[in-house]
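> According to TrEMBL, the protein carries these features:
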type	residues	note
DOMAIN	3-370	domain 'RecF/RecN/SMC N-terminal'
BINDING	Gly30, Ser31, Asn32, Gly33, Gln34, Gly35, Lys36, Thr37	ATP binding site
Amino acid sequence: MIVSALSLTDFRNYASAEVELVAGPNLFVGSNGQGKTNLVESLGYLSTLGSHRVSTEQAMIRQGADAAVIRARLRHDGRELLLEVQLNRAGANRAMLNRNEIKVRELPRYVSTVLFAPEDLALVRGEPAGRRRFLDELLVLRTPRISGVIADYERVLRQRNSLLKSARASGVREGQLGTLEVWDERLVALGSELIEARGRLVDELRPEVSAAYIAVAGDDHRAALASRLSILGGDPDADGDSSVATGGALSPAGVDGAGIDATEAAVRFRESLDRLRRSELDRGVTLVGPHRDDLLLELNGMPARGYASHGESWSFALALKLASAAVLRRESTAGDPVLILDDVFAELDESRRTRLAEAVADFEQVLITAAVFGDVPERLAHHTVRIEAGRIVGGEEDR
Ligand SMILES: Nc1ncnc2c1ncn2[C@@H]1O[C@H](COP(=O)(O)OP(=O)(O)OP(=O)(O)O)[C@@H](O)[C@H]1O
């Protein structure tokens, strides 16, 4: 997929701007705070209906304006499309395809991006919830149907938790809660499906992450993934990375490298609920299930979280995103996702910069932002756009 033009009205710090894009690498350069990230964020919004920086759309509407418009001309599946979304400060947002109104939620069907930004460092250093979100978002991109399973699981979990809470408050004990068993069945059915889907995805990602890390950092590095499943006895109380807690590599309880299917997951899930029933009633919360799982990241035999250096953590997060792009491009009939690298190069040493440039060279389209032109390898700087205070001020530069 290729975006040939992007135009913004009252989006973030852009009053009105239009930029032509080319196939291959496109580099956006400008000093800090000029609008480089804003520009790529707008395309990210079309593909995910969200932002990697904020949870509210209000922040994306220019201060003082009532609505923001993002418009993209793109080539998708051999067709030229004009996509448009209007984010309104009050009232519902609106979307258009070739000037005909469509539902906003249909937009991501036509635009596919994989965005890597500094915030992604949290994939390596942050809490398990961020890694679960990473897997679930990728699952939804691959198999949109799974979003229904995830939403239903979360709903059942909320209802089951509120039942446990009210049972705790009213002193109801084990054996007196018939309704809980009904919720257990739903929780196990939906949760096991999600566990199997995540497991399959981790199996697919594993070789891609390993290859992407080597591509960025060199042959003598080993990046590995494993799932920590709470239903297999991963300590449900350890909300952090239990491999760090146990001081070893990926060998804490509940870690199973091999994928587990939904039938086996359901059996283990039910056993865990039985085992933990008393604690759940004491604590008023569901202690086991995919909402308590983690994706463990290991680098050179050590847990990445707590052990990897800043540059290594950065490279690992980048490898996770490059691996997602590899998985998506393999299955897509509409071409590659647009790869967006926001503020990446400043954090990498010279050798990793060159390697990353090589690794992304064959993507149909790559958008790169950098505050310093010289940080970006020459092969990615053929089409350079300069940005100043929310304006596109120029094209090609001399090195
Ligand atoms: N809704 C908004 N209305 C007006 N200006 C905004 C809005 N949201 C963000 N900005 C402004 O946009 C600018 C930030 O732009 P952006 O994050 O794209 O910078 P950048 O060029 O990527 O910088 P850096 O190199 O520091 O990452 C800030 O000056 C911020 O105040």
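Just so you know, the numbers here start at 1 and follow the chain as drawn.
From the backbone N, Cα and C atoms, a Cβ is placed for every residue, glycine too.
Describe the structural context of these features.
The Cβ of Lys36 (ATP binding site) lies under 8 Å from the Cβ of Phe28, Val29, Gly30, Asp342, Asp343, Thr369, Ala370, Ala371, Ile387, each of these being in the same chain and 6 or more residues away along the sequence.
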> Note the mean pLDDT of the domain 'RecF/RecN/SMC N-terminal' (3-370), expressed as a whole number.
90
> When you average the Cβ positions of Gly30, Ser31, Asn32, Gly33, Gln34, Gly35, Lys36, Thr37 for the ATP site, which other residues in that chain have a Cβ within 8 Å of that mean position?
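Counting only non-site residues, the set is Asn38, Thr369, Ala371, Ile387.
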> Rank the binding-site residues Gly30, Gly33, Gly35 by the number of other Cβ atoms within 10 Å of each Cβ, and give the residue at the low end.
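Among the binding-site residues Gly30, Gly33, Gly35, the lowest count of other Cβ atoms within 10 Å belongs to Gly33.
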> Can you tell me whether DSSP puts Gly30 (ATP binding site) in helix, strand or coil?
coil
> What's the number of neighbouring CB atoms sitting within 10 A of the CB on Ser31 (ATP binding site)?
12
> Just to confirm: which same-chain residues, 6+ apart in sequence, have a Cβ under 8 Å from the Cβ of Thr37 (ATP binding site)?
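Arg53, Ala117, Asp342, Asp343, Thr369 - these are the non-local Cβ neighbours of Thr37 (ATP binding site), listed in sequence order.
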